[in-house]
Every structure is written in C-alpha cells, then in structure tokens.
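Engineer: Quick one: the structure is below, questions incoming.
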Amino acid sequence: MLGAEDPLYENSPRNLVLNKFDMFFTTIFTFEIMLKLIVFGLIFHPGAFCRSPANLLDILVVSVSLVSFFFSSGAISTVKILRVCRVLRPLRAINRAKGLKRVIQCTIVAIQTIGNIVVVTALLQFMFAVMGVQLFKGKLYICTDASKSTPDECRGSFINYKDGDIHRPTVEKRVFENSDFNFDNVAKAMLTLFAVSTFEGWPQMLYRSIDSHEEDRGPAYNYRKIVAVYYIVYLIIIAFFMVNIFVGFVIITFQSEGEREYEDCELDKNQRNCVAFAMAAKPTQSYIPQTTWQYKIWNVITSQPFEYAIFGLILMNTVTMAMSFHEQPDEYTKFMGYVNIVFSLLFAVECFLKLAAMGPKIFFRDAWNTFDFVLVWGSAIDILFSEDGGEESEDSFISISFFRLFRVARLVKLLNKSEGIRTLLWTFMKSLQALPYVVLLIVLLFFIYAVVGMQVFGKIKLDSDTEIHRNNNFQSFSAATLLLFRCATGEAWQDIMMSCVSKTSVRCEDVKDENGEFLPPELDPSTGLPATCGSDFAFIYFVSFFFVCSFLILNLFVAVIMDNFDYLTRDWSILGAHHLGEFIELWSQYDPEASGRIRHEEVVELMKQISPPLGWGPLCPIRVVCKRLMLMNMPLNDDGTVQFNATLFAVIRSSLGIKMEGNITTANEELRKIIKDIWKDCDDAILNELIPPIGGKHQQTVGKLYATILIQTHFRRYLKQKYRQRDELIKKKQLAAEALKQKKAAVIHAPVSAADITFEKVAKCEPINDVYSHVMDGNVVINKFPNSVGVPL
C-alpha cells in the first residue's frame with residue numbers, strides 16, 4: 001500500500017482508499033501488540049515482550065501509524081516526517097522470516113566487526129578532504145560564458161549556440177557559478193571525494209581541478225597538472241586499497257558469522273553438507289524399454305554417437321541463426337528459410353524417435369524432452385506462419401521463431417557429461433538456492449528507499465535538462481525502483497543526487513485541481529520565488545543508499561557464491577557434496593525403477609565404477625573392497641539388499657571419517673544425537689534408515705557380512721597353504737623313493753654296507769630297532785643295540 005500512494009495528489013481518491021486500508025491494518029496490528037503485552041508481560045521479567053528488539057520495532061511502527069492519524073491535518077513537515085517513518089512497516093517481516101533475520105544478523109555483526117576498517121577509511125578520507133580544501137578552496141568557479149574568467153567580467157548576457165548549432169542561437173544570462181562538487185569546506189570535500197571513490201564523474205573533476213587557477217577566478221587550461229597526483233594517490237589508497245579491504249572483510253565476516261551457529265558442532269562444514277545431501281537425495285529412474293522394437297530405437301537415441309550428432313546439429317543451427325542480418329537479399333532469405341526447414345525436420349525426427357522409444361508417460365517426465373517437444377511444435381508453427389519457411393511476414397499475427405534460440409540451452413545438457421562442468425553447474429544451482437534471503441533483503445532495502453524517495457522527492461518537477469525527467473523520477477513506485485537500480489549500478493548517481501537537493505532550480509511539479517486547471521505554485525516566504533521541492537536530505541539519502549547497497553548488500557552475493565565455491569581451495573582428494581551426484585546417476589543403472597534398493601554384491605560393482613574420492617576405482621583389490629565395506633557397515637535387509645540413502649550415507653561417513661573411532665555402537669548413538677541437534681526437523685524414519693538405533697530391526701549389516709567373508713577368505717587361504725605344504729612333502733617322499741630305486745638298480749652287485757641298509761629302511765619308513773652297521777674289509781658287520789629307536793620319515 002505504501003508503494004501505491006500518489007505522491008503528487010495527497011487527497012486523490014486512490015490515497016483516500018489506501019488511508020482506509022491503513023487504518024484497518026493499523027487497528028489489527030494494535031490489537032496484536034496489546035494481546036502480546038497481556039500474554040508476555042511488559043518488561044520486568046525474563047521473556048517479557050519489550051525485552052526483544054524485534055518487538056520494540058513492532059511497537060515503534062504501530063505507534064508511528066497511530067500518531068500519523070492525529071496529525072493528518074497538521075503541519076505539512078510533520079505529516080511528511082510521519083509518512084516517511086511509516087516505511088518501517090516492512091521491517092516487521094524480519095521477525096517472521098527466520099532466514100531473512102539470520103542474514104540481517106550476520107550483516108549487522110559484519111558491520112560491527114569491520115568497525116576499525118571504517119574508522120581508518122574515514123580518517124584517511126578526512127585527511128584527503130583537508131588537503132583538498134587547502135588545494136582547491138574557492139578555485140572551481142566558472143562563468144557560463146567561457147570567455148569570461150572573473151565575477152566582475154561575468155555579467156550581463158551572451159549568445160549561446162545550443163548544441164553547437166549556429167542556426168539555434170539563444171540569449172542567456174552570464175552566471176559565475178561554483179561546481180556542484182567542490183572543496184570549499186571539509187564536508188563538501190568529503191562528499192566530493194566519496195563520489196570520486198565510486199569512479200563516477202571523477203575524470204571531469206580531475207580536469208577541472210587541473211584547470212583551477214586562483215580563488216574566485218575562472219579556469220585556465222592545464223594550469224596545475226601536478227594536482228593529478230592528488231587524485232591518483234587518493235584512488236590508489238582509498239578506492240583500490242581500503243574499499244576492497246572493507247569489501248573483503250564484509251565477505252569474510254559474513255561467512256564466519258554464518259558458521260558461528262555450528263562452532264560447537266563436531267561436524268565441519270563439508271561434512272554437514274555431505275550428510276544433508278545424503279538425507280535429502282532420492283534415486284532417479286532409468287527407463288529401459290521392454291519391447292524389442294522400442295529397445296532398438298532406445299539403444300540408438302541413447303548412444304554416444306547419436307548424442308554427438310545432435311550436438312553438432314544444434315551448433316550448426318545456432319550458427320545459421322546467427323547468419324541473418326538487416327536488409328539481406330531475398331535469395332539469401334529463401335536459402336536460410338530452407339535451411340531452417342531442414343533443421344526443424346531433423347529435430348522433429350529426433351523428438352518423435354524419443355517419443356516412440358519411451359512412450360508419452362516416460363518422455364514427458366524429463367523436462368528436457370518437454371522442452372524439445374515445445375520447440376519442435378514451435379518451429380512447425382513458425383514455418384507455417386512465415387514466408388518461404390524462414391522469415392516472418394509483416395502481417396503475421398504470431399511470431400515464435402525466437403524460441404529456436406533456446407535450443408542452445410541443450411548444450412548445457414551435453415556439457416553436463418564433463419565432470420568439471422557438472423561440478424560447476426551443481427555449484428551454480430546451490431548458489432541460487434542460497435540466494436533467496438539475500439535477494440529478499442535487497443528487495444526490502446529497495447522498497448524502503450523507494451517509498452522514502454516518493455514521499456520526499458516525489459513532487460520534483462520533471463525537467464529534461466536535469467537528471468529528474470520522465471524516465472528518471474520518484475513520482476511512482478516503479479519509477480523510483482528503476483531509478484534506485486540505476487544508482488546501485490553507479491550510473492551518474494551523483495548527478496541524480498544534485499538534481500534533488502534544495503536549490504532554486506529544483507522546482508515543484510505543476511498540480512491540477514479538481515477541474516483540471518493548474519494551481520499556482522507555492523511561494524517561498526523568504527524569497528517570494530516559487531518554493532523548491534528539493535531537500536538537503538538527498539545527500540544522506542543517496543550516499544547511504546549507495547554505501548549500503550553497493551559496498552555492503554550486493555557483496556553478500558559474492559559472499560554466498562564464494563561460500564559455495566570453497567571446494568576450489570580445498571584438497572580435491574577430499575570428498576565433497578559436489579562429488580555425490582555421480583553416485584545417484586550410476587545407482588539408476590542398478591535400480592532403474594528407483595525402488596531405492598539393490599543387492600549388496602552390486603554395491604561393489606557400483607563403487608568400482610566410480611573414481612576416488614567418492615568410489616574405489618576398477619583396480620581396487622577384493623581384500624580392500626571387503627575392508628571398506630566393513631567400514632561402511634550399512635544396514636542389510638533380509639533379502640540381501642541395501643537402501644539408497646543408507647549406502648550413500650555410509651560412503652560419506654567412511655570417506656570423511658565421521659565418528660568411526662572406538663565402539664561403533666557408541667559412535668552411532670553419538671552421531672544420531674549430533675544429527676538431531678543440527679537438523680531438528682529431521683525425519684526419524686530417515687535417521688533410523690541411515691543409523692539404525694540399538695535394538696532396531698536392522699541388526700544385520702554389510703560390515704558383519706563382509707567381515708565373515710573376509711574371515712572365511714583368510715581361513716581358506718590358510719588351509720590352501722597347509723595343503724600345499726603337505727603336497728610338497730608327499731612329492732619329496734616320492735622323489736626320494738624313486739632315487740632309492742635308481743640307486744639299487746645301479747649298485748645291485750656292489751657290496752652292501754650298513755649305511756645302505758639303514759637308508760633303505762629309512763626310505764621305506766621301517767623301524768631301525770637294533771641296527772648299527774659298519775664296513776670292515778668289505779664284510780658286513782651288524783651290531784645289535786636293544787635300546788635303539790626306529791626313525792620314521
């Protein structure tokens with residue numbers, strides 16, 4: 001309602017209706033505050049209503065509205081002040097929007113933290129202002145007639161050729177005027193230097209200072225070139241150095257303040273992001289046709305050569321659309337029309353092939369397919385309602401050829417296959433998701449300043465010779481918002497400010513009465529001239545807006561974006577949330593129906609397809625696989641399947657080492673408590689799926705299964721080694737027996753020695769009970785020892 005008011009006609013029918021609504025809402029808000037005062041009490045006990053700054057702001061806003069009703073017919077200045085104060089009403093939304101409140105708290109803390117930087121910058125600004133006063137005090141005056149250089153000479157009238165046209169002479173009065181931005185005192189010098197630090201209009205200020213001569217004397221060309229050093233040093237120290245330090249501190253402080261909420265949390269930022277991703281992730285469907293002919297078509301349209309072919313067609317179509325130009329020959333236009341028809345037919349064939357392979361239900365489930373379908377039909381309609389199949393006719397009542405330009409957006413889909421670009425796009429989307437409350441804060445700032453500008457500067461007369469004209473004014477909310485957006489970009493904001501200050505050239509807009517006749521302008525009692533509608537409040541208004549908006553609020557965009565791009569400064573071997581999208585994509589190959597379950601054996605294949613740090617890679621040994629699955633230890637269902645979210649959470653937990661030390665049962669309970677503290681609205685079903693409680697239904701885990709498999713593997717390896725040793729021993733026995741037989745055959749006629757007899761018995765595993773043999777003179781002598789013991793092999 002504040003933005004819908006008419007600043008020119010206070011008693012217009014629209015304003016009268018809005019006043020009724022204002023009274024209605026003020027009454028409701030008054031009863032709301034009275035009820036809260038009764039329930040919470042006033043101020044003398046903990047939790048009282050007036051002990052909250054947000055509640056005090058509500059009281060202030062409602063009180064201003066109530067007081068404005070009693071002074072609605074009082075002094076004009078009083079009414080204007082009260083109307084300006086009503087702009088505080090949107091601030092009541094801060095206490096209702098928790099995210100917006102958090103952003104504002106972070107911003108306030110950031111401002112408090114960088115207080116020292118502000119003080120140092122202000123002192124340097126003051127120092128340069130004092131130097132500027134000494135250098136340029138009273139030396140920036142100029143006569144409107146450039147041929148005159150002193151106040152005594154600058155009198156009377158002169159002929160001026162407007163815009164340099166000798167056929168448009170005008171007679172103008174000579175005026176010896178000062179520059180809007182000057183150094184006549186410290187306050188004006190600081191304002192001038194602030195405008196210079198924003199890089200707006202500083203070259204003109206530099207050249208005028210170089211031409212400055214003496215006090216109360218006009219400029220002399222390049223009279224003091226050395227003063228350029230003053231501006232260069234100022235820009236280097238203030239604009240390039242101190243302002244950027246200020247912006248850097250704002251960004252860093254905003255980020256650190258955002259993390260202050262989790263300073264006692266055992267999970268770092270990256271771990272929290274990954275866990276939040278695992279809790280919110282959902283499996284995606286991967287369609288595979290059941291019929292043979294559909295599968296053949298589907299196999300073609302999903303193949304890599306087909307995708308690259310479509311990629312090439314999109315590029316060529318984009319190039320051909322860029323080849324049109326103004327006043328092109330008719331033959332060229334016809335040729336481009338035929339080219340457009342060819343591309344449209346090719347894209348139509350692609351679209352209908354996909355539609356035939358997938359069916360309407362699956363086809364329109366994908367937003368890209370829907371987009372392609374709309375483009376195909378749009379191209380067909382474009383051809384039907386255009387001449388020669390290409391350019392639209394002048395009397396064509398429909399023109400949608402510009403939709404073809406959106407085919408270029410399909411390149412993003414193909415580029416998404418690159419890991420680096422996929423990560424960049426993911427970060428871009430995360431940044432967009434984090435920006436709404438920052439955008440809401442900027443909208444709130446623009447709304448407040450636009451309404452204030454309407455109330456204070458809405459009656460300024462539109463003049464094409466000033467910066468307040470029909471395209472740049474405060475006479476409506478939309479125009480005021482557009483003007484402020486221009487100021488936020490820094491485009492000639494200082495000229496707009498000087499067109500709103502209190503001076504005789506800033507007149508009031510002519511107002512009509514009920515009969516449509518112009519009312520006489522209000523006169524200034526002190527001068528008898530028409531009163532000015534400008535206000536010196538413009539200095540505070542525009543400087544504060546540019547400072548808060550350009551130096552502070554807009555840099556929150558940079559802070560949020562940098563916060564999401566922090567993985568660029570982190571070790572790439574550390575798992576991050578930007579890696580996890582690949583898991584969802586590959587899961588759909590094993591779970592095309594998105595049931596959220598796959599066999600535990602398929603988890604091994606899945607993880608081997610993914611490269612580190614998320615996966616294990618194709619060369620990971622089976623022993624390492626078992627050990628990692630033991631660490632993951634996700635719950636195992638009775639049918640041998642594992643859950644999607646539980647598996648993804650287990651991958652994150654094992655990779656980042658989240659509560660993996662000590663007793664796993666104790667660690668699970670501690671982690672459950674941490675998650676509940678961070679995400680207080682976390683669904684218990686999801687939490688129980690990720691980390692089953694003690695005594696829950698999921699007592700069997702993948703860790704226990706693969707621990708058993710690993711034990712069995714080691715035991716089997718041990719048995720295999722023992723069997724191999726036994727086989728080697730048997731083989732040695734057989735070799736020894738063969739050697740003995742060969743030796744017997746070789747020495748069958750040789751004298752038999754006691755050693756040979758002993759060796760033979762040993763080889764046959766016969767006991768040597770009482771044998772001791774020695775050879776003497778070729779005869780065998782046998783000694784018997786009753787206590788001898790047989791030695792088996």
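Glycine is no exception: its Cβ is also placed from the backbone N, Cα and C atoms.
As listed in TrEMBL for this protein:
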type	residues	note
TRANSMEM	21-44	transmembrane segment
TRANSMEM	56-82	transmembrane segment
TRANSMEM	103-128	transmembrane segment
TRANSMEM	228-252	transmembrane segment
TRANSMEM	306-325	transmembrane segment
TRANSMEM	337-355	transmembrane segment
TRANSMEM	435-457	transmembrane segment
TRANSMEM	538-562	transmembrane segment
DOMAIN	578-613	domain 'EF-hand'
Engineer: Three or more CB pairs closer than 8 Å, sequence separation of 6 or more: does that hold for the transmembrane segment (228-252) against the transmembrane segment (538-562)?
Structural biologist: yes
Engineer: I need to check the long-range neighbours of the transmembrane segment (435-457): which residues 6 or more away from its ends have a CB within less than 8 Å of a CB in the stretch?
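Structural biologist: Result: 2-3, 5, 7, 80, 83-84, 87-88, 90-91, 93, 97, 99-100, 102-104, 107, 468, 474-477, 480-481, 483-485, 500, 533-535, 537-538, 541, 545, 548-549, 553-554, 556-557, 560.
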Engineer: May I have the DSSP-based helix, strand and coil counts for the residues of the domain 'EF-hand' (578-613)?
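Structural biologist: Once the DSSP states are binned, the domain 'EF-hand' (578-613) shows 22 helix, 3 strand, 11 coil.
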